[in-house]
Amino acid sequence: MLGAGSLGGLWAARLYGAGLPVCLILRDQVRLAAYQEASGLSLTSAERAVSLPIPACTLADAPPIRRLLLACKAYDAVPAALDLKPYVQTGADVLLLQNGLGSQHAVASVLDHAHCLAVSSTEGAFRRSAFHIQAAGAGQNWIGALTHHESPPSWLEELDAANIPNAWTDDIATRLWRKLALNCAINPLTVLHDCTNGQLATSTDELEPVCAELSVLLNANGVPGTPEDLLAETQRVITATAHNLSSMLQDVRAARRTEIAYLLGYACTDAQRRHLALPALQNLHERLRHHLAVRGLPVD
Ligand code: NAD
Ligand code: KPL
């Protein structure tokens, strides 16, 4: 497991709890020493905290990798893949758990000797401290092949045994695009208005044109659905997550880099490549980039 953060930690804790072999690959010796000092990972879920001494190592000490979950931010995925490349065995299964689009195919071309699968997750988790993970919301992990049609791997049973919600899909691209569309409709506006998801409930005038253009983009990418469907789904998610701060707003408030390049950035680049004029999306992207720039945050 590389990326012992919120979601990686959540997966690792459940695999370890089910008695399955798991090893965390930490960034360096300093991080490893801090992990050992903390006596491992802690997971709080349903008000219950458990301490889990999950084995950890650095890449230099890692055993040959035959199965890997890469659970870092989208912008860290290619640099991590370049580091991992010599350690990943030919034909190894690599699960790519990143939000948005763009990083998955980029990693797959770095790890071209491995078998890369993408995960689209609707689970929620955050870090209370460096090695203390808080589970925050049930969800699903959709898993699927990036390019060819494939049968689900038999090791999905191990995820079932560890109570990691999972479902195989023959069309992971559609899952990733739909989630990207929701994140493009909701997250930037929460940042620009510095508000909870629920406070967007009255912003139909802003959501409507963005959802209409996102729907055009989804259709151009073979994902069916009308603008009305996407707006209704966006409003449903806004209501269901009314008290949440979007992940992008959390990043901005904490002065962390956002995944903009893999969300709105990816959407706008894809639209340009297809010669689609999507002015509302373009305008939202520009406003968000400006908002990040004046706060000294990366605009990609
Ligand atoms: P996170 O920042 O909590 O964890 C990522 C971890 O990866 C960090 O601990 C970081 O230090 C580590 N990392 C990065 N590069 C590394 C390297 N080269 N070597 C070792 N460790 C490295 O991120 P997260 O919230 O778990 O998100 C992971 C992905 O899942 C993101 O794309 C995110 O958008 C997506 N996602 C997150 C949630 C959530 O609730 N947290 C939900 C759905 C999707
Ligand atoms: O996925 C999300 C995010 O914040 O990134 C939503 C669905 C908007 C929930 O907050």
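Any Cβ shown, glycine's included, is placed from N, Cα and C.
Those TrEMBL annotations? Automatic predictions, nothing curated.
Straight from TrEMBL, the features:
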- 2-146: domain 'Ketopantoate reductase N-terminal' (DOMAIN)
- 171-290: domain 'Ketopantoate reductase C-terminal' (DOMAIN)
Where DSSP helix means H, G or I and strand means E or B, what are the helix, strand and coil counts for the domain 'Ketopantoate reductase N-terminal' (2-146)?
46 helix, 54 strand, 45 coil
Helix-strand-coil residue split for the domain 'Ketopantoate reductase C-terminal' (171-290), DSSP-based:
90 helix, 0 strand, 30 coil
Just to confirm my parser: what is the rounded mean pLDDT across the domain 'Ketopantoate reductase N-terminal' (2-146)?
96
